[in-house]
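The feature domain 'ABC transmembrane type-1' is assigned by TrEMBL to B:74-281. TrEMBL lists B:23-44, B:84-103, B:110-133, B:158-183, B:204-226, B:262-285 with the feature transmembrane segment.
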Amino acid sequence: MRMPKPTAFLTSIAVFASALTLAAKADEVHVLNWKGYGADEPWAVAAFEKATGNKVVNDFFNSEQEMLTKLRTNPGLYDVVMINAAFNDQAMAEKLIQPIDVSKIPNYADISPDKAGSPMLARDGKVNGVPWVWGLTALAINEKSFETPPTSIAEMWNEAHKGRVVIRDDAVEAVQFGAIATGQNINDIKDMEAVKAKLTSLMPQIKTFWSSENDWNQMVASNQIDIGTYWSGSADRAKTHFKLPVSLVIPQEGAVAWLDAFSIPVGSKNVAGAEAFINYMIDPGFYVEWVTKVGAPVSANTKAVEALPEDAFNRKVMGDPDVAKRIQFQAPITDAQREAYLALWQELKVNVK
Amino acid sequence: MAGQVAVGSRSGLRSALPLLLPAYLWLTVAIFLPLSAMVFFSFMTDLPLSGKAWSFTLDNYMTFFSQGLYPTLLLASLRLGLEVTLWCVVIGYPAAYVLAKVLKGRSREAIFLLVILPFWSNGLVRIFSWAMVLREGGILDTALNAALPFEINIDLMYSYPAVIIGLVHSYVPYMVLTCYLTLQAIDDSLIEAGRSLGASRLQMLKRVIVPLAMPGLVAGAALIFVPVVGSFMEPRILGGRTGTFYGTIIEDQFVAVFNWPLGAALSFILLAVVLVMLALASPVLKRAA
């Protein structure tokens, strides 16, 4: 008579536990994004959860490759993924993401037509990614080191800054930066030797290769660097949020522009929640709060940008038609190109020793 | 009862099996299987994970020899390993000697604790603490300038010495621990006997203590040399533009370009080189030990 007791107890626990997990699964939105990049802001998550009843579960990646690997190895886990538009094609070709029904995303109508119509995101009448924000990989300066901000990319090569220049430890970014410095199209580099020579001559100037926003901000805070490549959103964040003497410079030679977009992975268990989350992420209300509280790149939603004050950096500088003419948007890169870029970059880094 | 004991001792392996099984099972699951998977990957053109067609190839291994950059970096990493090991001996061995033979009781426990303390903190925390100390205007720079009457400028951050300092700090406890164990096992009466026969301190060290402590030194050196050659975190964070080593380019292959086959091949070349070095050194070390 005493035997069934533990069995019954265990069974009831198992049933209870599985019921619990099922109940939790139904309204969870699993989001995959860079850490500290809007989607995981506590106030934003709280506001979204309150408005929709969905629970947000954030997961992070440190590189686009890691993001793709996480999608490949965890099918069905994620409901929303943030993908650089240049990687959207690859994710679609590998059947990692699915087309999005934009009629369920009211704010989609306000996305600027050139971003929404980007051939990297919209294909054959289907929308594979909802443009979220865009920004630049340009230069940023330590304001303490300059009387007047430089206008040319050549400042990176200026002898006066020897040992006080930084560049990101990323082969693609470095090669595309070299392409701009040699006056080439970043998506169709004809003269790779020129890029190599230009970057080789930059190496003696370099203090270190940064890899995270934190690296950059710490070096400025301790006054160790003068100038370096930086992301526009990060420069804004360094200034507004961390009160550092950092300002962005968009050189006359141009800058690399990127477009980040949200997609819904194949096998998502909560597509409705994902659509609601994406809609919230491109909402002007969220965007203005993000810019004000934290600092952010430029929203792809025209209404969101218009909701910013007249003199806001993301409206005044980034919205300047003159800037739009200078920047070049990153197009997809093949694996062969990426490996060639890495080989070149590694060779440069080794020869510096 | 007696019969059972006799059976048990006749087949020593059978009675030892239940004791060995967990360890070997763990080794198989946690080390042997993933490592074999990596060997398999290193002969492939592409990962099956990425959904593309793949075939077997030797190209990944050929890449190492066709591009001068990989052998150059491997040599740089081997040199780094030797230097760090040397510094660990220089710093760790005397410390172990003092712990084992000079200090007793509470003071020994306290010093021992200080030696092991770095093990209890996260590796990244240790490296970032060093970054605060070593940089220009950092703790070392400020402290020295406050104490010294003249101005000096110390900026060790983002340099080769910074990498050495970070690595030595991380690995010196291994040397202290292995040397301590062998030094402690040396019978004090041997030392007294040597003294009473008129050996000087230096002779004692050369003829008695160092030879008897050799197994600990060798074990410590091997424990330090192997991971340092493949290290990537310390060089990347502390080394700045001089921080490119063999370990960091393997990391790049895995993380930055998702070329696991090449990364795996480079890792196994490193493993092979380290094994060959240990094999070549083993007769010398055996004689010494």
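Glycine residues also receive a Cβ, built from the backbone N, Cα and C atoms like all the rest.
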Which of B:23-44, B:110-133, B:158-183, B:262-285 contacts the transmembrane segment (B:84-103) most, counting Cβ pairs under 8 Å: B:158-183
Tertiary contacts of the transmembrane segment (B:204-226) (same chain, 6+ residues out, Cβ under 8 Å): 81-82, 84-85, 88-89, 92-93, 96-97, 171, 174-175, 177-183, 186, 190-191, 194-195, 274, 278, 285, 288-289
Intrachain residues whose Cβ lies under 8 Å of the transmembrane segment (B:23-44), provided they are six or more past its termini: 54-58, 60-61, 260-261, 264-265, 267-268
